[in-house]
Ligand code: ADP
Ligand code: ASP
Ligand code: MG
């Protein structure tokens, strides 16, 4: 292990010249930061996603491209319009425009990923220049040479051995004299075609780079001073957590704490890389350390909320005393690379939850999947549901944290909640339930009052 630190700056952290300058301060104050992964500027990926949709008119397309151009030029102007950067930016905008006009875009995941990659390409171009203007020897490195993935456009799987090999040969040599500025979120497949790791994937990119370079610290710089007991946007009572374990933080990320992409901690856990989460607006305020072993193991650590859940109930009259039904259902879901979160079963039916985020270029349940399931069972799809996860320790059985479950504060708090489905027992670190999206924020707020006040 060395002292190498990989720092990731999210969309709000690189939103404009002032925000980027605060990130530059952080880098200039810490010689260990040798690799910097940036997100697209805040809002840019959402605009790019909109551009991929089939109902975008030529006028709207032009407006969206102009919005991106304005954001980039605002930074370029503050950088005093260096000619080489202006040329590079114009080239990127020209490529982006031609892709946006491609009639095959709305139906091609490959073209969609290519288009989505421009946000990170532009922000890294600007940020490397800003660092150079601050006297830092910074290079803008195209991470697609290193971040090798499979062909699963929109949700590409990293190819770890290849990433390691490419990082050794292409990235490591750059580190001796420079700060490497590179892109989160994007990668490339074996053919060199651009792929993406899924929305919010820059955190995961930074963790994969940290792993490949055997870094000792991964810093995630965002717009809040660390990981909080719940999303601070949901309740003012949320408070930062100084230290959490990998397990707890991974559960939080999996169940919707947007602060970290769900896969971020996997590479960090594999190599025991310490992860710091803090605010680039207020770096001196400290943040959260995610570590292997924490000082405390409280029963309740945090509450996560994930909106846009689908509850899929499949029912087969043949399931009574039959075998293989579960395998068949899960086989179809696996074949279509659909990941299931919560599951409950009865004798003749299975209910399972699927994440169906908006603002992505794909939708989780296609007609093909539904008709494959309908060929042998009844299928019911419920929407407008949210998943609430209470994260902590020893949550697998309520008697471990309270002798009388009926007097337990968590169960008491759930008493008044409209619970559509509940899962407890599989993991010591979570208790999850589904509730209507309309009431979910209020549910989180009242649960937070009960569990953390
Ligand atoms: P970035 O662009 O830096 O990646 P994100 O918007 O993806 O930032 O993530 C930061 C946001 O995550 C915060 O602004 C906050 O609203 C949200 N969030 C959700 N859950 C939590 C939590 N438990 N602690 C802190 N922030 C959270
Ligand atoms: N820019 C990408 C997104 O908005 C990736 C990221 O920000 O992490 O999803
Ligand atoms: Mg994020």
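Placement of Cβ uses the backbone N, Cα and C atoms for every residue, glycine included.
Quick look at what TrEMBL annotates:
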BINDING   8, 9, 10, 11, 222, 223, 233  ATP binding site
BINDING   45, 120  substrate binding site
DOMAIN    314-390  domain 'ACT'
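Put simply, the two farthest-apart Cα atoms among 8, 9, 10, 11, 222, 223, 233, the recorded binders of ATP, are 22 Å from each other. The Cβ of residue 8 (ATP binding site) has 28 other Cβ atoms within 10 Å, all protein chains considered.
Cβ contacts within 10 Å of residue 9 (ATP binding site), excluding its own Cβ and spanning all protein chains shown: 29. A Cα-Cα distance of 11 Å separates residue 120 (substrate binding site) from residue 9 (ATP binding site). Residue environment of residue 10 (ATP binding site) contains 24 other Cβ atoms, counted within 10 Å of its Cβ in all protein chains. Proximity to ligand 2 at the level of Cβ atoms, with a cut-off under 6 angstroms, picks out 11, 45 from the binding-site residues 8, 9, 11, 45.
Around the Cβ of residue 120 (substrate binding site), the number of neighbouring Cβ atoms within 10 Å comes to 28.
Geometry remark: residue 223 (ATP binding site) versus residue 45 (substrate binding site), CA distance 17 Å.
The number of other CB atoms found within 10 A of the CB of residue 45 (substrate binding site), across every protein chain shown, is 25. Checking the binding-site residues 8, 10, 11, 222, 233 for a CB within less than 6 Å of any atom of ligand 1 leaves 10, 11, 222, 233, listed in sequence order. Helix first, then strand, then coil: DSSP counts for the domain 'ACT' (314-390) stand at 22 helix, 28 strand, 27 coil.
Sequence-distant contacts of residue 222 (ATP binding site), defined by Cβ-Cβ distance under 8 angstroms and a gap of at least six in the same chain, are 10, 12, 13, 259, 277, 278, 279, 280.
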